[in-house]
Amino acid sequence: MYALTSPDALKSANLTNPASASTLFNPFQASAWDIMPTEQGGRVLLNSVSMVMAIIMQFFFQMGFNGITGEAKVLQSQSKRDVYILRLTVGKIYTCVSALCMTAYLWAFRENWGVDAGQFFETWILLWLYMDINYLIVDTVLMTVIPMSFFSFFVLTSVIINIAATIYPFELTPGFFHWAWALPAHSVWLLLVHIWSGCSGNLGITLPILFTWWIVGHAGSAWSVRKRCLVAEAEAKAQANQNDKFERQSTVQSQQVALERMATQSSRQDANDQNYDLEASRLGQSLRNGDDSRTIINGGMPSQECDNIKDRTT
């Protein structure tokens, strides 16, 4: 290359001298500058387990919360507006507390990591936004779009693609995988690196992506609450109709059972009376014929026979 661009420099250079040859053929090179040393042992968890926790925590909380509201019959007894306000308020409080706990355990294992209190609050707010986005996503699709029996597959897929978007830089991946820019985890990771180190976080891209997820999530959550309330009201109405039908059937069956018992008792009484009449008739015939071998106790004697006995004795 030097022979084509600068033949005079190549001729004047002392190639036998290592320093001169190095200056000629390798005039400059890149050097690493670590602007934010991150040497603590928990650094491997920053873009792996920490991104998973935000999804898993919302999933299990939603399962418990839906179970409690279902047992309390909140969906069919309260208005849709009240149910939405309740779920919105509970979700904001829970995600705020869970983001605080997550930030606290990151700071608890920071060791000699050079972060301050301001970065703590910035991390807390960003993780709150990230957890709220995941809460709204789970609230939108759980038991309304995806049944509970298949929701574990959705959670597992969401965890894998979000982790894949944060664990390896896009600058070193093929262009096909750059669609993961649309995932919230990638934008959150870039903003966390921006908060901790001060390097560029592509704020013009990451913040619009996150707030788009947040706004669409609120709309989806409202639609999900409306659908759940309608389904709960329909199930309650069907259950009430079934109970009324069961009560009517029980009343009719009770009446039929009572009538059958009365008819059975009446038939038994008639049969007993008939048997008694037959026995009495048979007994009378036996006494007249004189061939009955049974002994009659306390039987009354006719008055004519009594007079004949008296005459004989006199």
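Just so you know, glycine gets a Cβ as well, placed from its N, Cα and C.
Annotated features, as they stand in TrEMBL:
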DOMAIN    8-217  domain 'DUF3533'
REGION    286-314  region 'Disordered'
TRANSMEM  44-63  transmembrane segment
TRANSMEM  84-108  transmembrane segment
TRANSMEM  120-138  transmembrane segment
TRANSMEM  150-170  transmembrane segment
TRANSMEM  176-196  transmembrane segment
TRANSMEM  203-223  transmembrane segment
Recorded stretch that, among 84-108, 150-170, 176-196, 203-223, has the most CB pairs under 8 Å to the transmembrane segment (44-63): 150-170
Recorded stretch, among 84-108, 150-170, 176-196, 203-223, maximising Cβ pairs under 8 Å relative to the transmembrane segment (120-138): 84-108
Recorded stretch that, among 84-108, 176-196, 203-223, has the most CB pairs under 8 Å to the transmembrane segment (150-170): 176-196
Across the domain 'DUF3533' (8-217), average pLDDT on the 0 to 100 scale: 89
